[in-house]
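Worksheet: one structure, shown below.
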Amino acid sequence: MNYEEIIIGIIVNAGNARSKAMEAIHHAKNGEIDKSRERLKQSSEELGKAHGVQTSLIQQEAGGQKQEVTLLMIHAQDHLMNAMTVRDLAEEFIDMHIKMEQAFHKQK
């Protein structure tokens, strides 16, 4: 796999992670907590793949194998950080939906 293909892999995995995190939020809004948790797990798995590739590239560079910093690489890093943020927020939103649902049922 060449450098560009590796970077595209980060973008794809990060994009998948973000999409799964957003699906998790939508399921939580609909009270589908089990589906929500499953999507969150899938998001984490996709993030793990992207982060693993990123870590490998960092280790290679730390070992003296310099990598060219391209606009595509910057784009990949942006996607990865965005996906990580959305995933973290999705977890918080799911917890908030659960607490709101519990509070609603207590009022009845």
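Glycine is treated like the rest: Cβ placed from N, Cα and C.
No curator has checked TrEMBL annotations; they are predicted automatically.
Non-local contacts of His75 (active site, tele-phosphohistidine intermediate) by the CB criterion (under 8 A, 6+ apart in sequence, same chain) comprise Ile11. Per TrEMBL, the feature active site, tele-phosphohistidine intermediate maps to His75.
The 10 Å shell around the Cβ of Asp78 (Mg(2+) binding site) contains 12 further Cβ atoms across the protein chains shown. Taken residue by residue with DSSP, Asp78 (Mg(2+) binding site) is part of a helix. Taken from TrEMBL, the feature Mg(2+) binding site covers Asp78.
Among residues of the same chain six or more beyond the compositional bias 'Basic and acidic residues' (31-49), those with a C-beta under 8 A of the stretch's C-beta atoms are 9, 13-14, 16-18, 20-21, 23-25, 80, 83-84, 87, 90-91, 94, 97-98, 101. The compositional bias 'Basic and acidic residues' annotation in TrEMBL covers 31-49.
Positions annotated as phosphohistidine by TrEMBL: His75.
Broken down with DSSP, the region 'Disordered' (31-54) shows 22 helix, 0 strand, 2 coil. Per TrEMBL, the feature region 'Disordered' maps to 31-54.
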